[in-house]
Amino acid sequence: MKALTILGLVLLSVTVQGKIFERCELARTLKKLGLDGYKGVSLANWVCLAKWESGYNTEATNYNPGDESTDYGIFQINSRYWCNNGKTPGAVDACHISCSALLQNNIADAVACAKRVVSDPQGIRAWVAWRNHCQNKDVSQYVKGCGV
């Protein structure tokens, strides 16, 4: 029985591998990936968005029972419109990407899809967490001291 418990803990530690970025580490990464000022959205707004959507966690997921969709990754990109998880009824997959790609520690795919999302008419307002926590707020604190 003890061996099964240890095996279970080992398997659990293997499956929970999401990277949780430090604030400044994320700011520098997003800047390198071209998000600073992309479609007029400041780097501070992107970092604020990631803070409130996922807590900077690349492996965050959130199931939405109302429309049977799931939000994925550091930006909580939704499977109804943006990615394909093979489960969401009527999914559009506008980013032409597997939702699992949005859970990688390397966030290049997530950033590419976020650029696609923000290019739509709704822009960054597509994210509820941004509207609730970042819009019309002083978001400079999210990049303060980061050297970006």
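In case you wondered, yes, glycine gets a Cβ from its N, Cα and C as well.
Features reported for this protein in Swiss-Prot:
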type: ACT_SITE; residues: Glu53; note: active site
type: ACT_SITE; residues: Asp71; note: active site
type: DISULFID; residues: Cys24-Cys146; note: disulfide bond
type: DISULFID; residues: Cys48-Cys134; note: disulfide bond
type: DISULFID; residues: Cys83-Cys99; note: disulfide bond
type: DISULFID; residues: Cys95-Cys113; note: disulfide bond
type: DOMAIN; residues: 19-148; note: domain 'C-type lysozyme'
type: SIGNAL; residues: 1-18; note: signal peptide
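Features per Swiss-Prot, on structure.
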| residue | record | contacts (Cβ under 8 Å, 6+ apart) |
| --- | --- | --- |
| Cys24 | disulfide bond | Val143, Gly145, Cys146, Gly147, Val148 |
| Cys48 | disulfide bond | Trp130, His133, Cys134, Lys137, Val139, Tyr142 |
| Glu53 | active site | Ala60, Asp71, Ile74, Phe75, Gln76, Trp127, Ala129, Trp130 |
| Cys83 | disulfide bond | Tyr72, Ile77, Ala91, Asp93, Cys95, Ile97, Ser98, Cys99, Ala101, Leu102, Cys113 |
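Just so you know, the Cβ of Cys146 (disulfide bond) picks up 17 other Cβ atoms within 10 Å once every protein chain is counted. There are 22 other Cβ atoms within 10 Å of the Cβ belonging to Cys95 (disulfide bond). Mapped onto DSSP classes, the domain 'C-type lysozyme' (19-148) shows 54 helix, 14 strand, 62 coil. All chains included, 24 other C-beta atoms sit within 10 angstroms of the C-beta of Cys113 (disulfide bond).
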